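Visitor: In case it's useful when we look at the structure, here is the feature table from TrEMBL:
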TRANSMEM  A:47-65  transmembrane segment
TRANSMEM  A:71-95  transmembrane segment
TRANSMEM  A:107-126  transmembrane segment
TRANSMEM  A:154-171  transmembrane segment
TRANSMEM  A:232-258  transmembrane segment
TRANSMEM  A:319-339  transmembrane segment
TRANSMEM  A:394-415  transmembrane segment
TRANSMEM  A:422-441  transmembrane segment
TRANSMEM  A:463-480  transmembrane segment
TRANSMEM  A:514-534  transmembrane segment
TRANSMEM  A:554-574  transmembrane segment
TRANSMEM  A:586-607  transmembrane segment
Amino acid sequence: MIALDPSFLAVQALSGLSSASSLFITACGLTIVFGVTRIVNFAHGSLYMIGAYTAATLIPRLLEFSFGPTAFWAGILASALIVGVIGVIIEVVLLRRIYGAPELFQLLATFGVVLVVQDLVVQVFGPEDILGPRAPGLRAPVDILGRRFPSYELALIAAGPIVLGLVWLLLRRTRFGVLVRAATQDRDMVASLGVNQALLFTGTLFLGAFLAGLGGALQIPRVSANTGMDLAIIAEAFVVTVVGGMGSVPGAFLAALIIGQLQAFGILIFPKSTLVVVFLLMAVVLAIRPYGLFGRAEVIGGTHAVGIASRKPQPGRPFILLFTVAALAGFPLIADAYLLKVATEILIFALFAFSLQLLIGVGGLVSFGHAAFFGLGAYGAALAVKWFGTSMETALPLGLALAALGAGLIGAFVVRLSGIYLAMMTLAAAQILYAVAFQWVDVTGGDNGIVGVWPSRWASGPVPYYLLTAALTLVAVLLLKRIIDAPFGYALRAARDSEARAEAIGLAIRRHRWLAFIAAGAAAGLAGGLYAFSRGSVDPSLLGISTSVDALTMLLLGGIQTVIGPLVGAGALHALRDWIMPLTPLWRLFLGLSIIAMVLLFPRGLVGTVRDRWEARA
Amino acid sequence: MRGDVLLDIRNLRAFYGRAQVLFGLSLHLYPGEVVALVGRNGAGKTTTLKAIMGLVSATATHATFKGHSLSKLPTYRIARLGLGYVPEDRRIFTDLTVEENLETGRRTAEAGRSPWTPERLFRLFPNLGEMRGRRGNQMSGGEQQMLSIARTLMGNPDAILLDEPSEGIAPVIVQMMAEAIRAMKAEGVAVLLSEQNWAFAAGISDRACVIERGEMRFQGSMAELMADKALREGTLGG
């Protein structure tokens with residue numbers, strides 16, 4: 001146990017304040033942009049990262065010309081301005097086209113920007129981390145109650161309130177600010193008063209990106225600019241904006257203060273689990289106040305959900321089923337071991353994506369943390385094998401059960417929320433599990449994960465394991481399909497299309513949604529378990545944001561409004577990866593651009609687009 | 001004396017998704033006149049005003065304001081031509097103070113006209129003058145209605161589309177609303193008024209248009225409509 005003497009506590013509190021400042025400056029931009037545009041900008045973290053890289057590259061050159069605080073701070077400001085301009089470009093090229101799109105598409109499109117920026121940053125600045133210069137005039141540590149404390153951190157502590165004050169003045173004392181606040185509340189009315197929204201939005205994006213760039217640039221004396229900064233900061237910035245209430249600047253400030261202190265002192269209680277503490281805070285706040293500390297319910301509602309509609313049963317259904325079974329069963333006759341391995345993986349991800357379809361397409365519940373259930377299934381199975389020595393036949397159901405249990409718990413929390421808050425909360429839940437898997441090394445093996453998770457002898461080898469996967473996937477998909485077409489599925493759709501009306505006719509929509517979470521979680525858990533045994537190992541990345549985004553991308557590729565869309569999407573994404581990745585090191589760039597193109601050009605997905613053509617001709 | 005037609009809409013059709021709501025109705029507005037758009041609940045009055053502002057998808061064979069075509073113009077451009085809009089649910093920015101709400105509507109007046117200023121508007125609506133720093137969410141329905149009209153006047157419009165100004169408001173304030181509309185008219189601002197409160201509309205309007213199920217049933221002077229009891233009972237219920 002660390003001795004709790006006053007000087008230690010003081011230094012700890014101060015470092016909490018300085019991280020709060022940095023976090024606030026970045027999150028403030030995110031919350032302003034969300035308030036006006038209603039877009040949760042995943043790329044905000046990328047802008048932060050660009051700010052850090054730009055400053056770390058630019059400022060040393062400025063300091064060569066004239067060494068001194070002026071050059072340093074001018075460099076910080078210039079970097080933030082450059083990032084502001086990049087934000088404007090992103091707004092004009094992409095965001096402007098998706099303001100009216102469903103939330104899911106907005107999240108995915110901005111995540112596409114994240115991928116593009118990740119590759120571009122490496123191209124422009126090189127693959128090495130860049131160590132920035134220390135600030136002239138703030139290099140010597142100061143003495144705080146006998147302990148040394150970096151003076152730059154004190155400057156950061158001051159920067160937070162200064163930015164808060166300036167943003168406050170901007171929003172309260174200028175016409176731009178008044179219009180931004182008005183648009184945060186009611187965009188259409190602002191247009192009816194003759195305000196050009198496009199300009200207002202572009203201005204807002206400039207401000208938001210400027211703040212992200214500023215936040216990033218201010219980091220360079222503390223940490224070197226690196227390619228992991230974007231996703232690290234975006235997760236924390238999301239928590240700050242959600243806890244503070246989306247769109248609320250003072251809320252973001254308060255939330256950043258709380259989180260900074262929680263991180264500073266959380267280390268004393270849970271030395272390894274600062275991430276868990278932060279996301280637990282978010283879970284608690286949202287459970288008590290579903291719209292954050294200073295947030296409020298959406299004034300202008302209207303459902304943003306898109307999903308599958310009711311369709312007449314296709315004629316010849318039994319034949320389709322028979323054909324599918326025959327095709328799946330006959331595939332090993334024509335495929336080699338490699339193709340079978342690929343097919344097994346596609347089937348697993350198809351099941352994973354299909355389970356998400358139940359939540360998003362049918363229930364309108366945009367879960368952004370579906371990896372949680374996939375990972376729980378995989379870890380459940382792997383832990384059963386590792387710690388209890390069970391066989392695959394026992395481990396798979398155990399994994400499924402763990403995922404269903406997790407879905408029941410998480411679902412109970414999130415069914416109270418709606419729209420973007422639900423997306424953020426599911427993301428947070430997945431991040432908590434990710435942190436647990438990553439940090440609880442004794443049980444989960446930490447970063448290395450668990451190895452030696454092999455199938456039973458009868459199922460090992462490409463052909464038997466493929467057949468097992470195909471059979472289980474088919475059964476699970478048919479069961480889910482049955483659920484979708486049953487009255488339960490209709491109730492979910494009714495709640496998706498109009499919560500108020502569904503409630504008025506007596507549907508217990510929260511319970512339906514909760515059950516949907518459990519069903520979807522169980523199916524995703526089965527997929528996760530199958531994945532663990534197909535690979536022989538599990539690791540925390542199965543629970544990561546990118547796994548959740550994979551599922552969403554498959555759904556988007558295939559088409560949200562169709563039942564077989566996810567299956568096609570899983571195949572398409574896999575094929576895309578297999579083709580592009582060996583061809584170019586810039587696969588993230590291509591994947592990101594493909595996602596953006598899908599959102600802009602084929603929002604109905606491959607299956608949906610083909611079917612539209614088909615029906616238009618008929 | 002009337003001058004050129006200010007707002008000229010012909011054969012207006014509007015849709016919510018695939019459902020058609022307006023079936024080719026035409027109307028026009030001259031400078032400085034008050035025209036009442038009357039009809040039952042759901043007849044299409046609000047949709048007509050929204051369609052003119054470009055807030056719902058609509059087509060028309062001819063739609064001009066001051067000679068400028070309105071078709072395919074975004075809402076803010078329509079507003080900038082000098083066409084103000086006061087929605088039925090008032091849509092005050094509740095986080096903003098009275099003065100800030102007025103600021104959102106401010107646009108420079110055309111040369112040669114005396115522009116509306118907060119001070120002038122506070123003389124027109126004395127209640128607002130007493131609560132300049134108050135936020136929208138602490139105001140009564142009637143006060144919000146006044147603020148909504150004042151906010152639109154800050155844009156110095158030539159005409160205002162006023163949706164149900166008397167709805168859900170205390171009788172005393174309805175009287176003030178009528179005064180305000182007369183004052184606007186005196187300033188040369190034309191008003192197209194959607195209204196279910198028949199007595200209120202009759203007291204302030206020069207002409208009336210009767211809408212029924214998305215079609216225009218009658219256009220003429222207030223006096224003609226007053227005289228035609230059968231039409232009134234058939235379309236307005238009294």
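Note that Cβ sites are derived from N, Cα and C of the backbone, with glycine treated the same way.
Those TrEMBL annotations? Automatic predictions, nothing curated.
Fair warning: this is a prediction, and the values are worked out from it, not measured in the lab.
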Visitor: Could you check whether the transmembrane segment (A:422-441) and the transmembrane segment (A:554-574) come into contact, where contact means at least 3 Cβ pairs under 8 Å with the two residues of each pair 6 or more apart in sequence?
Guide: no
Visitor: Mind checking which residues reach the transmembrane segment (A:71-95)? Cβ under 8 Å, same chain, six or more beyond either end.
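Guide: Hits for the transmembrane segment (A:71-95): 37, 39, 41, 43, 47, 50-51, 54-55, 58-59, 62-63, 65, 109-110, 113, 133, 135-136, 201-202, 205-214, 216-218, 596, 600.
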Visitor: How about long-range neighbours of the transmembrane segment (A:47-65): same chain, 6 or more residues beyond its ends, C-beta under 8 Å?
Guide: 26, 29, 71-72, 74-76, 78-80, 82-83, 86-87, 117, 121, 124-125, 130-133, 136, 208-209, 212-217, 219-220, 223-225, 227, 229-230, 233-234, 237
Visitor: Using a Cβ-Cβ cut-off of under 8 Å, list the residues of the same chain that are 6+ residues beyond the ends of the transmembrane segment (A:586-607) and lie near it.
Guide: 94, 97-98, 101, 105, 108-109, 111-120, 123, 553, 555-562, 564-565, 568-569, 572, 576-577, 580
Visitor: Are there three or more C-beta pairs under 8 angstroms joining the transmembrane segment (A:319-339) and the transmembrane segment (A:514-534), sequence spacing 6 or more?
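Guide: No; fewer than 3 Cβ pairs under 8 Å.
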Visitor: The transmembrane segment (A:554-574): which same-chain residues, six or more beyond its ends, come within Cβ distance under 8 Å?
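Guide: Answer is 104-105, 108, 306-309, 342, 345-347, 349-350, 352-354, 356-357, 360-361, 477, 481, 484, 595, 598-599, 604-609, 611.
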Visitor: Mind checking which residues of the chain, 6+ beyond the ends of the transmembrane segment (A:319-339), have their Cβ under 8 Å from one of its Cβ atoms?
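Guide: Sequence-remote neighbours of the transmembrane segment (A:319-339) are 462-463, 466-467, 470, 474, 478.
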